[in-house]
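Peer 1: Would you mind keeping the following structure in view while I ask a few things?
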């Protein structure tokens, strides 16, 4: 199958959903050589992946992941990465605030790729255990409204792809598949993308994957987040219907910050920023987290408009619930790991 796909791609012919799904499944079962995988990924990158190709590949990745069977709809807050902004861990900090506000969050992530600190790195630096089994993570979700699925453990078949990706050293379809391959099949999602051209295709892919409520965002200062330093382009998804809008800090009553104020560093540095935000320290990191938390809460609770969702995010931090959530997660993750 992969040989046929390579031939099609080199002729600039698109793959349909089924063929894309079959090829990625073949790759992730170890049935393709490194040379074949490298050729396939390079040819697809040159042609540029279509919605069918991305959706098929994401479906294959989901099917090969360790199962994580949730009992209720959950929310994912994630960025594609690759924006080269070196911002602190905005999505992860936002996820903790949203969980503290009562929304079940299933965060899927990894260690750093293009940044100095990935979601796994900063959660570990905060004292949260990340290497939990699915059963332990499900128990943590029930206790705390938050679970982290470490991509390396849930997508073990990615080991078949790693050598070819390292050898060809170019961005491939796998750079955008991670945020689409949440093992919990989250029905709600705040998805940040590193390039504006990816917004519309990935919005369509989310709908095909069964996501009911979502926002796909890209800020004009290049973040794969909603930015407190620039306007952010947004596609809102509600049961397959899409609406585009622009969000600015001023709409939330905030003063626009300099992009430099959002830059982080190592996992330890970013963990300190996260703690400061969760304990109510004012400044640009708090502002950007509040904006993203407002969007996420609006996705999860559509009855709240953005202004009400922003107020809920503020209350969650200022009344101590966010800091308490972090303390609970540290204690509970250690407890479930020991059980």
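Each Cβ is built from the backbone N, Cα and C atoms, and glycine gets one as well.
I grabbed these lines from Swiss-Prot:
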- 79, 110: anthranilate 1 binding site (BINDING)
- 79, 82-83, 87, 89-92, 107-115, 119: 5-phospho-alpha-D-ribose 1-diphosphate binding site (BINDING)
- 91, 225: Mg(2+) 1 binding site (BINDING)
- 165: anthranilate 2 binding site (BINDING)
- 224, 225: Mg(2+) 2 binding site (BINDING)
Peer 1: Which of the binding-site residues 87, 91, 165, 224, 225 has its Cα closest in space to the Cα of residue 110 (anthranilate 1 binding site)?
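Peer 2: Nearest by Cα distance to residue 110 (anthranilate 1 binding site): 91.
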Peer 1: Tell me, which binding-site residues from 91, 108, 111 are within 10 Å of residue 225 (Mg(2+) 1 binding site) if we use the C-alpha atoms?
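Peer 2: The binding-site residues close to residue 225 (Mg(2+) 1 binding site) (Cα within 10 Å), listed in sequence order, are 91.
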Peer 1: Rounded to a whole number, how many Å is the Cα of residue 108 (5-phospho-alpha-D-ribose 1-diphosphate binding site) away from the Cα of the residue listed as 'anthranilate 2 binding site'?
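Peer 2: Rounded to the nearest whole number, the Cα-Cα distance is 21 Å.
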Peer 1: Once the DSSP letters are reduced so that anything not helix or strand counts as coil, what is residue 91 (5-phospho-alpha-D-ribose 1-diphosphate binding site)?
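Peer 2: Looking at the DSSP assignment, residue 91 (5-phospho-alpha-D-ribose 1-diphosphate binding site) belongs to a helix.
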Peer 1: If you count other Cβ atoms within 10 Å of each one's Cβ, which of the binding-site residues 108, 111, 165 has the most?
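Peer 2: Most Cβ neighbours within 10 Å: 108.
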Peer 1: About how far apart, in whole Å, are the alpha carbons (Cα) of residue 87 (5-phospho-alpha-D-ribose 1-diphosphate binding site) and residue 79 (anthranilate 1 binding site)?
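Peer 2: On Cα coordinates alone, these residues lie 12 Å apart.
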Peer 1: Express the distance between the Cα positions of residue 165 (anthranilate 2 binding site) and residue 79 (anthranilate 1 binding site) as a whole number of Å.
Peer 2: 20
Peer 1: Out of these binding-site residues, 87, 110, which one has the fewest other C-beta atoms within 10 Å of its own C-beta?
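Peer 2: Taking 87, 110 as the binding-site residues, the minimal 10 Å Cβ count falls on 110.
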Peer 1: Pop the Cα-Cα gap between residue 224 (Mg(2+) 2 binding site) and residue 79 (anthranilate 1 binding site) into the table, whole Å please.
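Peer 2: Rounded to the nearest whole number, the Cα-Cα distance is 5 Å.
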